[in-house]
């Protein structure tokens, strides 16, 4: 308890932590908790099982409680908040609605970005709902720019989504990431006129007074939304003229300057630099903290941690809510209506509730993105940006929005790019470092070579069902085609998985498959061996965990595996990410992961807490044709076996290349064993029992000491010499002075 209290954690949380037998904070907790309590944005990386959830949950719970306590006691905060409302009383570019490298002059009209690699944009302080309007932009240098109109929902990167319309210096018009030729190029000293006819739904532009014609027709889905003047720059400078000064090229045909627009046509920006809701106004559906997880299992796990940490917090009590798919929305809405302080959820259902206004983000103080690399790899970057844009950057009590990003791979390009966009000078806490395999993990590769192992020919039809990638191909023995070898690999992998279980008498293991259909097929094959979900204690008892299983089934399957009711958990990478399963003695990789970092994540699940573990990877020596769905339904009902480059949903998977990349990443050569999967015992005293703790006595410590002994002796001699010299120097000065 004292260890956590020394970091500033309140006694009520420290007491709950102590009851969980957390005597000391983990490294990631010791580094991150004080930083978050201090009000900073934090990027953290640590291994699964390192206490990462506690590292962000504990300070988030404490600050949410303190905020609610201040509100309860009527405290307004120590800082007087400067309002940005005065900015909205005139037409100018909005300092509260711009990119991080976008500068605005004191007049609010001269704009500049000197970032040469990235685009940075800005919107105006006011928008329009009706009428015919016009403004001018003058180019001050030869940098790149796009100017035009966008709604409040649009990205600041003008023209890259369906809510903005841009015209660029390269002579292209842009909308929804579609760049088409329009008008002509423009550069320094040119003046671009931006026309908006909301009544007709038309957008057009002019160059130095020359009408370039119709550029866009405004789609129906945004006709009732206000459109704001907008631009995006890359190493460029512009100056806007909304009509306060005389236009260089006055508009015709009834278009009027923005500054002359009637008040009933105008909508002010929502971005004012303040929280959108006053401190005293209570909104039951407006949480103080939002934690986003990539999977429902991880969300449930995090919510359980939050419940444990807040156990002794009272007056006011904290109210938490889990928002995930597969649960009746009306139940979640009922809890929201009664008030909620902390929300933990997955992107799909969160997006639904936010977009319909059921979940209000106007009072969010904390935004936590757990397993951010997983969220980005699943394609949720747009959702994250949209959500972040709706959260006020400064709360009504003068506190800044805190963003916490947790990722297994902080140094990935996507995570870096995200952090630069949504975080404010974040502190990096990277305790993971370079990927490496723990000493408690023995990992080996089993080559799956259909050319030397002809078992697949002899099995006939008594083999695992394959994924139907080759349903239309000739894969009979003797075809000698890539398709035949690929099908043979799929059959052999099923046999090798069974062989590995029998050879090592596995009593518990996680088995990773590449796709959901592979998981289903392996589960079915284990059922043919007499096992399956309902065969408790059987050698091949197993359950499946992947996105196509119903939520209650996934939860039930995970619990059954944890309790030991079944021996094997067959799952995909996405489903297993971050799940709190400790000390599993075995892992089988039926297929190597697409990303080399995931190899370390997989095998890192064995051998925890000083328990030895064995990870076996089945690696095909020939290329295997596998599913790679790019279709809109993400594989459901898809039978398009053509290659991706031919418009299909398959690719050739080269596991030998992937193995090479993994070995280069880990800077080691992974041992290979024969197809009989007999693993040589060469650890410690030659007696290794996987799943058991290392034998006491130091293992190979003696050999380590023998190697270091000469160096230690040399250091001891140097230490003795240094101390002797110091003692002599104590008398030497007096002797020197006597001489003179």
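Glycine is treated like the rest: Cβ placed from N, Cα and C.
Cross-referencing 362-365, 366-369, 370-373, 374-377 with Swiss-Prot places the feature motif 'DEAD box' at 370-373. For residue 52 (ATP binding site), the nearest neighbour among the listed modified residues (239, 268, 481), judged by C-alpha distance, is 268. For residue 268 (N6-acetyllysine), the same-chain residues 6+ apart in sequence whose C-beta sits under 8 angstroms from its C-beta are 88, 125, 126, 127.
For residue 50 (ATP binding site), the Cβ neighbour count at a 10 Å cut-off comes to 17, with all displayed protein chains included.
Between the CA atoms of residue 481 (phosphoserine) and residue 50 (ATP binding site) there is a gap of 47 Å. Ranking the recorded positions 52, 239 by how many other Cβ atoms lie within 10 angstroms of each Cβ puts 239 at the bottom. Non-local neighbourhood of residue 51 (ATP binding site): 22, 25, 26, 28, 29, each in the same chain, at least six residues away, with C-beta under 8 Å from its C-beta. Here the CA atom of residue 50 (ATP binding site) lies 51 Å from the CA atom of residue 239 (N6-acetyllysine). Other C-beta atoms found within 10 angstroms of the C-beta of residue 53 (ATP binding site) number 26, with every protein chain shown included.
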